[in-house]
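Colleague: Okay, these came from TrEMBL:
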type     : residues : note
DOMAIN   : 37-430   : domain 'Amino acid transporter transmembrane'
TRANSMEM : 73-95    : transmembrane segment
TRANSMEM : 132-154  : transmembrane segment
TRANSMEM : 166-184  : transmembrane segment
TRANSMEM : 191-214  : transmembrane segment
TRANSMEM : 226-248  : transmembrane segment
TRANSMEM : 260-284  : transmembrane segment
TRANSMEM : 307-330  : transmembrane segment
TRANSMEM : 350-369  : transmembrane segment
TRANSMEM : 375-397  : transmembrane segment
TRANSMEM : 418-439  : transmembrane segment
Amino acid sequence: MASERVETVIAGNYKEMEREEGNSRSTRSKISNLFWHGGSVYDAWFSCASNQVAQVLLTLPYSFSQLGMLSGILFQLFYGLMGSWTAYLISVLYVEYRTRKEREKVDFRNHVIQWFEVLDGLLGKHWRNAGLVFNCTFLLFGSVIQLIACASNIYYINDNLDKRTWTYIFGACCATTVFIPSFHNYRIWSFLGLMMTTYTAWYLTIASLIHGQVEGVKHSGPTTMVLYFTGATNILYTFGGHAVTVEIMHAMWKPQKFKLIYLVATLYVLTLTLPSASAVYWAFGDLLLTHSNALSLLPRTRYRDTAVILMLIHQFITFGFACTPLYFVWEKLIRVHETKSVLKRASARLPVVIPIWFLAIIFPFFGPINSTVGSLLVSFTVYIIPALAHMITFSSASARENAVERPPSFLGGWIGQFCMNIFVVVWVFIVGFGFGGWASMLNFIHQIDTFGLFTKCYQCPPHKA
């Protein structure tokens, strides 16, 4: 009975929103709804899949050169499943929090629920603060990485400007994401973004196979512990894109249907990442150790230029995905979150872009920065904290008895779920944060020593006279 009532309450609010937005039968309204107002299961799937496989698609062959072929494939499968599990935990906690609040007659129609608020409502202010710090820092650097990727990619079709100058230009372009109100309005962008990465993934696969192996190709990875765990944490980062799960769920008309969406999105993403990373590594081998962007090794053709342009557009979209939760936090801090003026909210959001711009210029290390963010931030943000929060939330018998979402029976009920959570916490803390943090920081410091901070053109070949 409780779960039926929950579904009615949750779906009810969103149904009201849907009717309010769809009352007008004008052509303009229908077009707007088609491209702008997304809240279905399919919209959520496109958002999850599009957000998960962004610029990291171009750095996975680099990770394979550090890990070796077998370890690269196994880590993708392993972290893909682990990421899907913790995304499921986040969705359970969101529904639990929202249900409790709506029983108290709280109305969320002009308020976007975020992860730190879920932690606050279920576990208190200390968990809220931890969630806020880790989530915001991760999303900040996630946005930085997209900006770095834009400059890295455009350089391969126009090297008249250095990468730092391109970072200035794309920083200004990405700032236009302040005008997109919420994840509810990413419908067309999510669809296009996934089509773009699908093209790029299969371009990398087919182009590498046609190119064949370079003369004297070597596949010597793994060679050192540092490189091995650096590559592993880049894959941990790859499947840690569910820091925006709560915001995506809140944009759904029926968020309780989210449960398996991230898993299905991950399975699709694996059809892109496994063939492309394997084919590029097979063709170029150890050359990838000094070429973190896979596009840099493929000959320039109109197909490669198309892939570069599509990835640039997609990185703009992913920048918006990573930055939008930061916009929400800032809006709530300065008390403009519930205003209905898009222009007022957009102008209030602009200060958020400035530190992202600045950090992208300081640390332009495309590839190594992914592993550093993965080990130090992703490990806690989307793996350790959700697993611990779930266990503590349902630690009491009464909480388990009244839970809105019960654990899958095939896992062994609550005991099986708690065992899974403990495994995630221990594994990610030791392997992801411990060994991964050690390796990725050593590699990151090596990049600083080699290229320096504020470097104008990271890993750029010397210009021909």
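The backbone N, Cα and C atoms fix where each Cβ goes, and this holds for glycine too.
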Colleague: Same chain, outside the transmembrane segment (226-248) by at least 6, Cβ under 8 Å from its Cβ: which residues?
Modeller: 44, 47-48, 51-54, 56, 59-60, 62-67, 71-72, 75-76, 79-80, 82-84, 86-87, 90-91, 94, 112-115, 118, 135, 138-139, 142, 182-183, 258, 262, 266, 273, 289, 321-322, 324-325, 328, 367-368, 370-375, 378-379, 381-383, 428, 431-432, 435-440, 442-443
Colleague: Do at least three CB pairs under 8 A connect the transmembrane segment (307-330) and the transmembrane segment (260-284), leaving out pairs fewer than 6 apart in sequence?
Modeller: no
Colleague: Quick test of the contact rule: Cβ under 8 Å, at least six residues beyond the ends. What residues does that give for the transmembrane segment (166-184)?
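Modeller: Result: 37-39, 47, 112, 143, 146-148, 150-151, 154-155, 244, 247-248, 250-251, 312, 316, 319-321, 323-324, 327-328, 342, 345-347, 349-350, 352-353, 356-357, 360-361, 364.
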Colleague: Give the one range among 73-95, 132-154, 307-330, 375-397, 418-439 whose Cβ atoms make the most pairs under 8 Å with those of the transmembrane segment (191-214).
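Modeller: The stretch I would name here is 307-330.
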Colleague: Please determine whether the transmembrane segment (418-439) and the transmembrane segment (350-369) are in contact (criterion: at least three Cβ-Cβ distances under 8 Å, sequence separation 6 or more).
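Modeller: Contact absent: fewer than 3 Cβ pairs fall under 8 Å.
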Colleague: Quick one: do the transmembrane segment (375-397) and the transmembrane segment (307-330) have at least 3 Cβ pairs under 8 Å, skipping pairs fewer than 6 apart in sequence?
Modeller: no
Colleague: With the transmembrane segment (307-330) as the reference, which stretch in 73-95, 132-154, 350-369 has the largest tally of C-beta pairs below 8 Å?
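Modeller: Ranking 73-95, 132-154, 350-369 by Cβ pairs under 8 Å to the transmembrane segment (307-330) puts 132-154 first.
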Colleague: Could you give the residue numbers and ranges of same-chain residues that sit at least 6 residues beyond the transmembrane segment (73-95) on either side and whose C-beta is under 8 angstroms from one of its C-beta atoms?
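Modeller: For the transmembrane segment (73-95), the far contacts come to 6, 10, 48, 60, 67, 113, 115, 118-119, 122, 231-232, 235-236, 238-242, 245-246, 249-250, 255-256, 258-260, 262-263, 266-267, 269-270, 273-274, 277-278, 382-383, 386-387, 389-390, 393, 404-405, 420-421, 424, 427-428.
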